[in-house]
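In what follows, a structure is listed as structure tokens, so that the remarks can point back to it.
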């Protein structure tokens with residue numbers, strides 16, 4: 001959500017220690033803690049329903065630990081991606097993790113299509129949901145006459161980066177019941193893509209944080225010199 005929206009219908013103060021704020025990157029728990037906050041009951045309920053509907057089938061097939069890794073990777077990627085691409089946005093909600101679960105279904109189908117009885121149904125449900133979600137978001141943003149004024153805006157970057165993390169980590173940690181030769185190449189490709197994006201985002205955040213601190217320190221020194229020259233201090 002853009003910072004200015006916190007004063008509208010969202011009952012979450014912008015100075016909450018759980019909200020992800022790019023300007024407070026050094027408080028590293030915020031990269032994950034924002035997933036526990038939601039803008040309203042609909043936001044919370046929607047994410048829970050999608051987690052249950054798409055998460056349980058994966059968990060039954062692959063186990064809790066593997067799906068937990070994918071979910072948390074999506075949450076982390078959501079905050080990392082937002083801080084790089086849209087650094088003026090504050091985040092609440094678990095949509096990064098939700099989209100990681102959705103993308104993990106695509107990885108699961110790619111790896112285990114021949115061993116799944118309802119692969120086409122699962123793929124269809126993911127495509128239908130994502131299409132409806134994106135369609136509604138585009139409609140409210142461009143055709144509904146400012147519907148976003150009534151509520152918090154959606155961070156598409158968190159959705160996209162969460163999905164990318166879910167897809168790549170899915171290829172890495174989900175069980176592979178077929179073990180075809182070309183799938184080893186997919187595994188290495190997924191590992192390379194995830195590491196490249198994650199390392200870039202972490203380095204970007206570190207450089208931005210150090211640069212901001214140096215500018216702040218230099219700004220204070222310049223201010224003190226000016227005050228001294230003016231005889232104020």
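Just so it is clear, glycine is given a Cβ too, placed from its N, Cα and C backbone atoms.
TrEMBL assigns the feature transmembrane segment to one of the listed ranges (7-27, 154-174), namely 154-174.
Other Cβ atoms within 10 Å of the Cβ of residue 159 (active site) number 24 in total over all chains. Each residue of the domain 'Peptidase S54 rhomboid' (27-175) gets a DSSP state, and the totals for helix, strand and coil are 118 helix, 2 strand, 29 coil. Mean predicted confidence for the domain 'Peptidase S54 rhomboid' (27-175): the pLDDT average there is 83. Remote same-chain residues near the transmembrane segment (186-207) are listed as 25, 73, 77, 80-81, 83-84, 107, 110, 161, 164-165, 167-172 (criterion: CB distance under 8 Å, separation of at least six residues from the stretch ends). Neighbour density for residue 95 (active site, nucleophile): within 10 A of its CB lie 26 other CB atoms from the protein chains shown.
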